[in-house]
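Going by TrEMBL, these are the annotated features:
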COMPBIAS  1-27  compositional bias 'Polar residues'
COMPBIAS  39-48  compositional bias 'Polar residues'
COMPBIAS  56-66  compositional bias 'Basic and acidic residues'
DOMAIN    81-222  domain 'Exonuclease'
REGION    1-73  region 'Disordered'
Amino acid sequence: MGSSRVKQKNPSNQLGLNPNWAQLQQKLKSHGPKPPRPSNNAQAQTQKPILGKRKERPDAESDDSRINPLFPINDDSSVTDVIAMDCEMVGVGQGNKSALGRVSLVNKWGNVIYDEFVRPIERVVDFRTEISGIRPRDLRKAKDFQVVQKAVAEIMKGRILVGHALHNDLKVLLLSHPKKDLRDTSEYQPFLKEGGRRALRYLAAEFLGVQIQNGEHCPAMSIMG
């Protein structure tokens, strides 16, 4: 399971623009301020398998020249000025109350800087494995909630935090973050539809052309998606 060791920020890596962000900017320009939700047929034509699996790709040669948005663009695992976070929850109490089961953070290059399973304070009654991907064995040697909470708070401090519906993640962490330092894709105006917010899997399909969150979730993949 993931390492909790945190590397120091490397100032020399703060320069330049992540090609994945540049790619997204071009997508936004071409889609306009309020892109429509993709149809099932459109998704089927544009989606690529998660993690860029190539065994069934007929045009592998052309794909090799493209930037896969789910791949880190380098091996820099330092804690950058911009980070992204996603959490997976388990059920406690009567099962309808959520508690933190796993938290993952990546830096602006897409490399994991923190990834831990978490032992909730209350007894887990529903692991929600079909969505969370968490199993009983994952929590047997998991870190205590207070330990993970403190580590995440230290990493977030003074940095831009990116995520989707971040209020849910911060709620289960029992943490807050300055609003000016939040970048929430569920509230970003160009991503909104007429009825309100859009699920991350639809945004990933439309703007990045990748398929995520089909079945068990991996928080690190959700962040990069």
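A Cβ is built for glycine as well, from the same backbone N, Cα and C atoms used for every other residue.
No curator has checked TrEMBL annotations; they are predicted automatically.
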- May I have the DSSP-based helix, strand and coil counts for the residues of the domain 'Exonuclease' (81-222)? 47 helix, 45 strand, 50 coil
- Per-residue pLDDT averaged over the domain 'Exonuclease' (81-222), given as an integer: 88
